[in-house]
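K.L.:
Quick one: the structure is below, and I'll ask about it shortly.
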Amino acid sequence: MGCFNFIKVMMILFNMLIFLCGAALLAVGIWVSVDGPSFVKIFGPMSSSAMQFVNVGYFLIAAGAVLFALGFLGCYGAQTESKCALMTFFFILLLIFIAEVAAAVVALVYTTLAENFLTAVVVPNIKKEYGSQKDFTQVWNSTMAGLKCCGFTNYTDFEGSPYVRKNGTFPPYCCYDSVNNSFMEPCNNFTAHNMSVQGCFKQLLYDIRTNAVTVGGVAAGIGGLELAAMIVSMYLYCNLE
């Protein structure tokens with residue numbers, strides 16, 4: 001088998017994997033959209049944290065659809081030796097790569113701006129839905145229990161919420177004593193203020209920074225695969241008659 005044919009086979013196998021990953025993400029996205037609480041129970045607090053900031057179901061459906069189409073395009077281009085399909089595959093992957101780099105730069109440089117924007121979106125929802133909307137409340141409870149945090153910024157996010165109006169106290173997670181691994185009761189305004197439990201957004205950022213090597217390694221690996229796929233597709237394109 002010549003070098004060209006070997007690379008062609010590798011291109012097909014690689015894109016079959018992308019195709020299958022896209023199909024899996026589509027399936028999970030549909031599942032999350034239909035039954036979010038079950039998703040949280042299985043995948044734990046990090047998944048519930050993500051659900052506070054983006055609509056995970058729609059995000060996974062969109063990402064799955066892109067990967068599904070990209071995998072099909074790569075397989076088709078390599079198998080049929082279509083220069084048009086290979087060039088389209090290359091440019092789509094290039095756009096995705098540029099978007100990922102831009103998103104990473106924005107996330108690093110404008111973390112405070114992102115926090116302010118998310119605060120304006122998430123906090124009003126907490127005040128409106130927590131304690132009255134079952135799925136929303138369950139997702140937040142899973143987040144706070146898993147990350148040992150309280151609200152998006154702190155306990156004041158729950159002021160005026162259906163939960164506080166009904167119970168006269170804040171969620172117990174806002175009065176968590178990390179030293180004794182217990183909840184202080186009753187979790188009223190005075191206790192919650194004195195406990196000063198970290199907000200979930202800052203706690204999530206802390207966890208990400210703590211695992212920066214792992215996060216960076218995964219990001220570098222994905223970027224490397226994308227660059228390799230672009231190089232291979234361009235190699236095939238240039239060697240086709």
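Placed from the backbone N, Cα and C atoms, the Cβ positions cover glycine too.
Straight from Swiss-Prot, here's the annotation block:
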- ASN141: N-linked glycosylation site (CARBOHYD)
- ASN154: N-linked glycosylation site (CARBOHYD)
- ASN167: N-linked glycosylation site (CARBOHYD)
- ASN180: N-linked glycosylation site (CARBOHYD)
- ASN189: N-linked glycosylation site (CARBOHYD)
- ASN194: N-linked glycosylation site (CARBOHYD)
- 1-11: topological domain 'Cytoplasmic' (TOPO_DOM)
- 33-52: topological domain 'Extracellular' (TOPO_DOM)
- 74-88: topological domain 'Cytoplasmic' (TOPO_DOM)
- 110-211: topological domain 'Extracellular' (TOPO_DOM)
- 233-241: topological domain 'Cytoplasmic' (TOPO_DOM)
- 12-32: transmembrane segment (TRANSMEM)
- 53-73: transmembrane segment (TRANSMEM)
- 89-109: transmembrane segment (TRANSMEM)
- 212-232: transmembrane segment (TRANSMEM)
K.L.:
Count the other Cβ atoms sitting within 10 Å of the Cβ of ASN167 (N-linked glycosylation site), across every protein chain shown.
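P.N.:
For ASN167 (N-linked glycosylation site), the count of other Cβ atoms within 10 Å is 13.
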K.L.:
Have a look at the glycosylation sites (ASN154, ASN189) and report the one with the fewest Cβ neighbours inside 10 Å.
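P.N.:
It is ASN189 that, of the glycosylation sites ASN154, ASN189, has the fewest other Cβ atoms within 10 Å.
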K.L.:
Hey, how far is ASN167 (N-linked glycosylation site) from ASN189 (N-linked glycosylation site), Cα to Cα, in Å?
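P.N.:
Distance between the two Cα atoms comes out at 13 Å.
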K.L.:
Report the member of ASN141, ASN180 (the glycosylation sites) whose C-beta atom has the most other C-beta atoms within 10 angstroms.
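P.N.:
Sorting the candidates by Cβ neighbours within 10 Å, the top entry is ASN141.
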K.L.:
Please indicate, using numbers and ranges, the residues of the same chain that are 6 or more beyond the topological domain 'Cytoplasmic' (1-11) and have a C-beta under 8 Å from a C-beta there.
P.N.:
74, 78, 81, 229, 232-233, 235-236, 239
K.L.:
Measuring Cα to Cα, how far is ASN189 (N-linked glycosylation site) from ASN154 (N-linked glycosylation site) in Å?
P.N.:
12
K.L.:
Over the span of the topological domain 'Extracellular' (110-211), count residues by DSSP class, listing helix, strand and coil in order.
P.N.:
65 helix, 4 strand, 33 coil
K.L.:
In whole Å, note down how far the CA of ASN180 (N-linked glycosylation site) lies from the CA of ASN194 (N-linked glycosylation site).
P.N.:
15
K.L.:
Go through the chain and flag residues at least 6 beyond the ends of the topological domain 'Cytoplasmic' (74-88) whose CB is under 8 A from any CB in it; none is fine as an answer.
P.N.:
8, 11-12, 14-16, 18-19, 229, 233-234, 236-237, 240
